[in-house]
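**Q** Input: one structure, supplied below.
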Amino acid sequence: MSIVIDKSGPFTHGPNTVSKTMFTVLAALAPATLYNLWLFGLPAILLFIVTMAACALCEAACVRISGGNPDRALGDGSVLITGWLLALSLPPWAPWWVAVVASVFAVCLAKHAFGGLGQNVFNPAMVGRVVVLVSFPLQMTSFVSPKPLFTPGSPGLSESMTIIFGRGFSLDGISTASPLGFIKTELSKGVPVTQSLSSFPSLGDMMIGFHPGSMGETAVPLILLGGLFLMWRKIISWHIPVSMLATLFLLGTIFSTIDPARHTGGMVQLLSGASFLGAFFIATDYVTSPVSKSGQLAFGFGVGLLTWIIRTYAGYPEGVAFAVLLMNALTPILDQHFRPRVFGRTRKGEPLPVRGDK
Amino acid sequence: MKLFPILGGIHPEYRKELTSEKAIVALPLPKTLYLPLQQHMGAPANTTVSVGDEVKKGQVLAKAQGAISAAVHAPTSGRIAAITEMTAPHPSGLPQLTIMLDSDGKDEWAEPMAAIADPFAASANEIKTRVAEAGIVGLGGATFPSAVKLGLGGQHKLEILLLNGAECEPYLTCDDRVMREFAAQVVDGARIMAHALGAPKVIIAVEDNKPQAVESLKAEAAKTPNVEVVGVPVQYPMGAERHLTQAVTGRETPARKLTADVGVVVHNVATARAVHQAVRLGRPLVSRVVTVSGGGVAEPKNIEVPLGTKVSELLDFCGGISKATKRVISGGPMMGQPLPSLDVAVVKGTSGILALTQSETNEHASSPCIRCGSCVTYCPCGLVPVEMASFIRNDKLDLAAKIGVQDCVSCGSCSYICPSHIPLVHFFNYAKGKIAALDRERRKTEQTKSLVEAHNARLERQAQAKREAAAKAKAAKEAAEAAAAAQAQPTIEGGANA
């Protein structure tokens, strides 16, 4: 035996590692993903594979260029989460090149240009999504209604290949808007929300994901299940999801009560779009969210507020991706202003008064 | 009894079952004992013996020097073989003045100090003096001279003596065994200390994973009023002085102050036993209970060890250590220190000797920080380790200090929990050392500056005095001349008149 003295204690370590954490997140995403891949059929599966592969390739290339070990980088699982979340945030039948462009921006620009794992300011998957959303709005807002695998109307392999790798699906024929997009368009035509809601999927259908939308955002109960699993495994805490969803719900409820013709209610805000996926899996991204609990509460509130504002007043029907990115930019400031109180000190950092000193 | 939550904290694998059921055994007397003169916080002790002296067990070998220091006594009878520099049981591995004592095998006691017949009638000072004479230091590991801490009653209004039996470090069971086997001595020692402190109440806090210790102490405490035994949650670092105080009393000690400022003094349970022995039996501190454990040790044990025993001998007594041993630690795995060699001595602060294997240390190369915030969540001091580490890495020590790196107690919760295996405590210890060194440097510069200024001022004063004296002399001379002239004038006048 040779005695090694190279560092201070502790000389024992917990079982947690970066890759364990990352793969737990993937496990939590799996049920919702599988359900949605089934719901949107073979084209969605192909697109998912394309996105994951593109992200992994980008990661390997960037790490190799910067002189790192690509195997180790892929092994930590972080890029798989990026690819996975990116795939879930694309329209399920989007063409392959949309996925590839998004992947390149997500991994090479948003992650590695900032220095790789842990250094990025913005959530890579959301950067990828937003880049293609503003570049290719047509492809990014053409959704399909669910066509589950093994049911009539679900495209076969060759048709799926054509949809993803070929000339795309016939936009006129089956493309449709997401519920929030639909309401937005109707509103711009002067149709009040109360009326457009009538041709809206029922809240029940929205719960089980039977409505057009991005690949991973439509199965609310399974996303919630995954989120609760992450909380149980102590990977994430309740602070960001609860403050974000509560803010969104309260704003929706308050404003739809005041003016139901212009505003959707709290439940619609929660169940449509990427609210749940965003709350549990995107806004909670470690690297780009604050480290303290109070900072996380503020961050969640900010994401909820911005999501609601963008959905209500901006040109895009969807707000989560933009809201997350905007709050990512504020994370360093939140980290500075929301620190826990130090033991034995006041919030301002002065030592507590000694008893009787007051 | 109502308990209060503490901030953060972790639940490491405790692994106490290796030794918790092993009753304390005595170590066969080693041939030679090595007694460093610094086994405590503060100034090293001053030798009172010379090479060749014959000494008896319990005889003073070195006296306390200065306000914070502790005496060293002979753990057995024999001859002083040498007083020389030897590797200290400290990770630095620096040499330190050490007394080598060759045992004569008789283990003969010197005339003991007289027992204090009724300690509760004795003055606080009498007890304090006895504890100082016995060379007792905090046996929990911090090794602060106990007598100094017993003097706190003079300056503070104390309400509670909190006896720390939490023993929250994994592996260690020495305090557990002392509480189980010597509950009466522990309670008696605690009552004596409370008397000296002027604290009306004793609370003994033990982590809930030591039910037998709680039971033994409760049985003993029932015999006397004002002693309460309380089980506290199993949560590292419950045994940290300030955190235990908060958990039991709800009182938060202000930063840079002592628990005494909130009316509480904390002593370790083994220290209480040592006080009992010093006061009731007149016995100085010459041995302590050490847990020898870890996956690398053939037969883990709890051993009453004469101070000065070589670690290698202690390990041999436990069947030696296996090749799988990766690290040998003095103390617990969370806050203990790596030993520079197995040829160092067991000292007053040695609570455990652990031989840990790779699977126990679970050490991995560190990977980039993913800002997961675990270190923030689990820090029991409300600090932001991720941010402090990043400041320190970028050599911004002033910023690290500003957000509290000096409030860190080095408990290691953040490093333990970090998924990226970043040695955070290592960063903080470095920063604390560096900041202290810079502070010393600055104070020294200021002192030099003020000395130079004083010197210049003195020179200036002297020059001024000289000038003044010269001016005075000149004035006096002129006055004298004037007077002389004046005198001469009337003479002339007189002469003229005459």
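Don't overthink the numbers, they just go from 1 along the chain as shown.
In case you wondered, yes, glycine gets a Cβ from its N, Cα and C as well.
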**Q** TrEMBL lists coiled coil for one of the ranges B:37-81, B:82-126, B:352-396, B:442-486; which is that range?
**A** B:442-486
**Q** Can you tell which of B:C318, B:C411, B:C418 TrEMBL lists as binding [4Fe-4S] cluster 1 with B:C369, B:C372, B:C375?
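**A** Record source TrEMBL; matching candidate: B:C418.
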**Q** Here's one to test understanding: among the binding-site residues B:C379, B:C408, B:C411, B:C414, whose C-alpha is closest in space to the C-alpha of B:C369 ([4Fe-4S] cluster 1 binding site)?
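**A** So, of the listed binding-site residues, the one sitting closest to B:C369 ([4Fe-4S] cluster 1 binding site) is B:C414.
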**Q** What Cα-Cα separation, expressed in whole Å, is found between B:C379 ([4Fe-4S] cluster 2 binding site) and B:C418 ([4Fe-4S] cluster 1 binding site)?
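**A** Counting only the Cα atoms, the answer is 11 Å.
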**Q** How many Å separate the Cα atoms of B:C414 ([4Fe-4S] cluster 2 binding site) and B:C372 ([4Fe-4S] cluster 1 binding site)?
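**A** Here the two Cα atoms lie 11 Å apart.
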**Q** What is the separation, in Å, between the Cα atoms of B:C372 ([4Fe-4S] cluster 1 binding site) and B:C408 ([4Fe-4S] cluster 2 binding site)?
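**A** Distance (Cα to Cα, whole Å): 20 Å.
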**Q** Which residues does B:C375 ([4Fe-4S] cluster 1 binding site) neighbour through Cβ under 8 Å, counting only same-chain ones at least six apart?
**A** B:V384, B:P385, B:V386, B:S413, B:C414, B:I417, B:C418, B:L424
**Q** Enter the number of other CB atoms within 10 angstroms of the CB of B:C408 ([4Fe-4S] cluster 2 binding site).
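**A** Total other Cβ atoms inside 10 Å, all chains included: 24.
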**Q** With every protein chain in view, how many other Cβ atoms are within 10 Å of the Cβ of B:C414 ([4Fe-4S] cluster 2 binding site)?
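**A** A count of 32.
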**Q** Would you list the DSSP helix, strand and coil counts for the residues of the domain '4Fe-4S ferredoxin-type' (B:360-389)?
**A** 12 helix, 0 strand, 18 coil
**Q** When DSSP is mapped onto helix/strand/coil, what comes out for B:C411 ([4Fe-4S] cluster 2 binding site)?
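**A** Assignment for B:C411 ([4Fe-4S] cluster 2 binding site) reads coil.
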